[in-house]
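Structure first, commentary second.
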Amino acid sequence: MSEKNKTVAENATETAAVAKASKTPFADAPVVLSVNHVGKSFKLPTEQATGLKQAFINWTKGIKGYKTQEVLKDIDFQVHQGEFFGIVGRNGGGKSTLLKIISQIYYPNKGSVSVKGKLVPFIELGVGFNPELTGRENVYLNGCLLGFTTEEIDAMYDDIVEFAELEEFMDQKLKNYSSGMQVRLAFSVAIKAQGDILVLDEVLAVGDEAFQRKCDDFFTEVKKDPTKTVILVTHDMGSVKKYCTNAIMIQDGEIVARGNTESVADRYTLANIEAEKKKGEKAAAKVREQGIYPNGLNERCPILRTYAESNEVCKSSDTFRFAVEYQYDEPGDFYLAIALHDIRRGGITFDTGAKTFKMKEHGHHTVHFEMPLNLFNNGEFRLFTSLRTPSPANPNNTDMVAVAVDERACTFVIRDPRNWDYALINNRALQIEPVGDDVEITGKVAQIEAQLAKTKAGVSVAADDAAETTTATGQAVKTEGK
Amino acid sequence: MKRIQDRYSYALIVLRGLVKTDFKLRYQGSFLGVAWSVLKPLMLFAVMYVVFGKFLRMTDGTPTYPVVLLLGICSWNFVAEATSIGLHAIVDRGDLLRKIHFPNYIVVVSATCGSMISLAINYVVVLIFALFNHVHFTWRVLLLPLNVIQLWALALGMALIFSTMYAYYRDIAHIWEVLQQLIFYGMPIIYPLSYVTSKGGFYAEVARFELLNPIAQTIQDIRHNFIAPETQPTVWNQFGHWWVPAIPLALTVILLWVGIHVFRVNSRKFAEVM
């Protein structure tokens, strides 16, 4: 971990939990873009004030006529030459504003931005495109707006046309192009433009499949080029993971995660989960006011909710604690069944069984549970709880009364530097053993093997590892019940 | 030094691109295309020539007056067009300003440059009329470029101020339209200045002060230098004092300076307020 990354990790709130801060290969390259403690606020007009009359009335009454909204607060980061730098964040988080500040369209209220080299911004594709001009004229106009001389555009013109696959249409007016052709032309200008720093805003999702593949090739190529720097703003986590060497996540005008692409992308996924949950809660409150039962609940069981009691971002060595709140007033036995759903890989990972947890308390009550996570690799999981009564027809079966879904389900995430991302079960919990001597176990698995062997031999090991080996064979979910 | 050069070469490239595009688009789709840029003033002038010169007999008694009249009208038209288009320039090009960073005074300058092209074409047409009217050209024609530069500086100064104001207050467009009419009739453009001065008395005194208005001064200078040095009164020959002509010149410089200053102070916020 480099000195810089260390301070970065300390500064960023919440980052530590997620970030696997590692030394980037670009740390030694010169800084080409430096954003220093940038703050930006906008004046949002509270009343219509685009007229002299209103301005005069406001002035005489002493009304400000606007309220100030802080969009960016103390954004501070550096981009090194050759990096493929990702900026992610939810809508309204301030990333477009940041991009405009980087592109010098907006000026920051606080702090400064310094750029070294030619920065070519693409806030939008085809800036200045005019439908009345031909494709060729538009390329030249667009190019000159981006700051290229006619000679420079001459030099890259053929490349642009070839990339856009529009050779025979260049002398047609732009208004005769299909929308796909227009976008292709604009995008070709964007990526063939010979700038030192390319700033791209959500432009990856254009064109047909073949064109997408070309873009993909282009990005892969640019990523290899140590002289070109790309700053990419996107919602698409796939492309962030694929291309970016470094990323930051912006939320409510602040950098909430930075560094390693994977961890930032995961943090973003988590933020989306949280936002959805909040939205769900709001919707639920509305539903409650109107006296309608939310999805999955009914008058027999008006409350059923699963929620986390420990941190929602866990390590494999953690034990995840959660609670189920319910209200059930009918006499007779009833049970809670809990299913663990794997969001990323799909499928039900674990289920308690319908008749495992028999509830002792009727009425409004909360029961607490815990679950070891040492079996799993990284992933996003969701717990669904259903409330069941014995089926009168078949004593072995149960009928579902209610189920906690949507925001009443409990989502948690496992992130552990020791874990892998691909499979569900981690290598510490399960191994495939070769039979015979003709297979050598290498790499990470070999280390894990060695560690497990030590544990079995009774040698003292780290506390988490010990806890894991014992609970791995134990009960997966255990009641604490009150 | 290199940075300054880079900055202005970029500005120049953008300026050229915008002016070229605007000019291309002006007569886009019409059958005669660019030919209209000459035909239109030619036909308009023919109408005015007949209406004012032959029909209304608006004259100061000299045979060259119809040409002088045309010259005045097309010079004023330049100011009116450059300021009106310049006024809208920032808002009309808002999509550009919001999406890329470039020196945004360029959009105003390009609007005035577009009008300059029309002005040049119009002057060529006026020249044709002048030749038909047997105008005797003097060495003073060489001063014409200086007058045109002054006229352009005036238009640019106003365009910069108005476009800045228009970004915040859309009322300016309407106010300026009315003001244009006022200025037009407040200046000796369709009527000869001698028409007022020859009446004598109070009005004649006031009329002479019209020449302190830099627009009137420039247009009179253009008429004087281009067509009729003998008959056209200018600020240079109407007042005995050497410092009087300095007033409109100073006003021009001040107007342009204020325009640049106001624009620069506000230009950072254009992308946000639109």
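Including glycine, each Cβ sits where the backbone N, Cα and C put it.
Since this is a predicted model, take the numbers as computed values, not measurements.
Over in TrEMBL, the protein carries these features:
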DOMAIN    B:32-266  domain 'ABC transmembrane type-2'
TRANSMEM  B:30-52  transmembrane segment
TRANSMEM  B:64-90  transmembrane segment
TRANSMEM  B:102-129  transmembrane segment
TRANSMEM  B:149-168  transmembrane segment
TRANSMEM  B:175-193  transmembrane segment
TRANSMEM  B:242-263  transmembrane segment
| query | Going through B:30-52, B:64-90, B:102-129, B:175-193 one by one, which has the most CB pairs that fall under 8 Å from the transmembrane segment (B:149-168)? | reply | B:64-90
| said: Below 8 angstroms Cβ to Cβ, which residues of this chain, lying six or more residues outside the transmembrane segment (B:242-263), approach it? | reply: 105, 108, 150, 153-154, 156-161, 163-164, 211-214, 217-218, 235-236
| said: With Cβ-Cβ distances below 8 Å as the criterion, list the same-chain residues six or more beyond the ends of the transmembrane segment (B:30-52) that contact it, or say none. | reply: 58, 66, 69-70, 73-74, 117-118, 121-122, 124-126, 128-129, 190
